[in-house]
Amino acid sequence: MLCRGGREKLEQACRRGRGALRLPTAMLQLKLPRLFNIHQIPKVFWEDSIISGYRHPQSSALDCVLSSFQMTNETVNIWTHFLPTWYFLWRFCVLCSTVDFLSESYTWPLLVYMLLICLYPFTSSCAHTFSTMSSEARHICYFFDYGALSLYSLGCAIAYASYVMPECWVNSQLHHHFVLIAIANSVFCTSMSCYSRFLELQFPHRSKILRTGAFVIPFMFDNIPLFYRLLLCFCGSCSHTDALSSHCYHLLFAFLTCFLFASHLPERLAPGRFDYIGHSHQLFHICAVVGTHFQMEAIVADMTSRRSSLAAHSAAPSFLGTLGALALGVLLNLGIIALFSASLLRAPNLGSEKGVATNRALHPSAAAKDE
């Protein structure tokens, strides 16, 4: 009897132990979100020539985060900008150990530029991560993405005005108004790119042209001083430097970035073949980051090598023309984003068009074909 009672108590203790161990294990088991094909989601979530690998169009924030560790058609987009964010932050920290950003005004344009090349890839990564929470969230995520990119173009202009401007243009009317025009370009870029999302469903080609032009115009303006310097070198009026080589690499990757964004190659040639790896937006991200790396190297090289010659012809960068311009650009862009986000509430049909009946398409039996 005593042995039998002891055995029963031991079995009860073992069952309680197994239950206690099972509870935290179940709590840690997080199921990866289900994926869908293009005909199972609303049209607002469609990507050109991408057929499969779509996330649920009403994902929770947790599902969005988990999906970044799952192979979807957005996974590489997320990581190709999240990881470079840490690289640029590391480069920023290295510069902070060698450059006196606090008291030396000559370095303030570089400070603005470094802050913004850390901001834009991080914002892009967040936009791609959380863009499937709803159609409204998708638009707002990309509003912030466009705003960060337009601020990056402003940061380029501030750095170029201080370090890249040809000596013969220093103190010219263009030089004096370069940053002010860049602020206006930033406002134009964010406004047009955000507005293009309202045209995306009904006029996709017009939307694409408008969005591409919104980013090309600030890019072309920012690089006017660089184009002139390269023209002088082509005519033999300057000596070859490491900075100019890096500038050329940056321009090469910038033009490649624009081509990939506008062409949707290679996936347009073989829809469905590049859904997860190798489609144009992933290549676009990689080229943009590599181009930014070369641009950063070129700006740092110009800042170092041209300091004495620029100081002899122009005044030191001012707080108003660097950090003040950045603050104004941030406020204006946030205002534009807030305006377009509020407009979503007054546009109930925006993003509501669906490829098929969503309730039926998102049923598990319909999704089974995609697993």
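Glycine too: its Cβ is placed from the backbone N, Cα and C atoms.
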Message = With H281, H285 listed by TrEMBL as Zn(2+)-binding, which of these, H128, H139, H175, is given for the same site?
response = H128
Message = Can you give me the residues near the recorded Zn(2+) site, meaning same chain, not H128, H281, H285 themselves, Cβ no more than 8 Å from the center of the site's Cβ atoms?
response = E74, V76, N77, I78, T80, H81, S124, Q282, F284
Note = Across all protein chains shown, the binding-site residues H128, H281, H285 give the max Cβ-within-10 Å count at H128
Task = May I ask for the residues of the chain that lie six or more residues beyond the transmembrane segment (243-262) and have a Cβ under 8 Å from a Cβ within it?
result = 164, 208, 212, 215-216, 219, 223, 226, 229-230, 233, 280-281, 283-284, 287-288, 290-292, 294-295, 297-298, 301-302, 305
Remark   = In the same chain, residues at least 6 away from the ends of the transmembrane segment (210-231) whose Cβ sits under 8 Å of its Cβ atoms read 146, 149-150, 153-154, 156-157, 160-161, 164-166, 169, 174, 178, 181-182, 185-186, 188-193, 195-196, 199, 238, 244, 247-248, 251, 254, 258, 261-262
Query = Do any residues of this chain, six or more beyond the ends of the transmembrane segment (110-130), have a C-beta under 8 angstroms from a C-beta of it, and if so which?
reply = 61, 64-65, 67-68, 74, 77-79, 81-82, 84-85, 88-89, 91-92, 95, 99, 101, 137, 141-142, 144-145, 147-149, 151-152, 154-156, 158-159, 163, 285, 289, 292, 296, 299-300, 303, 322-323, 325-326
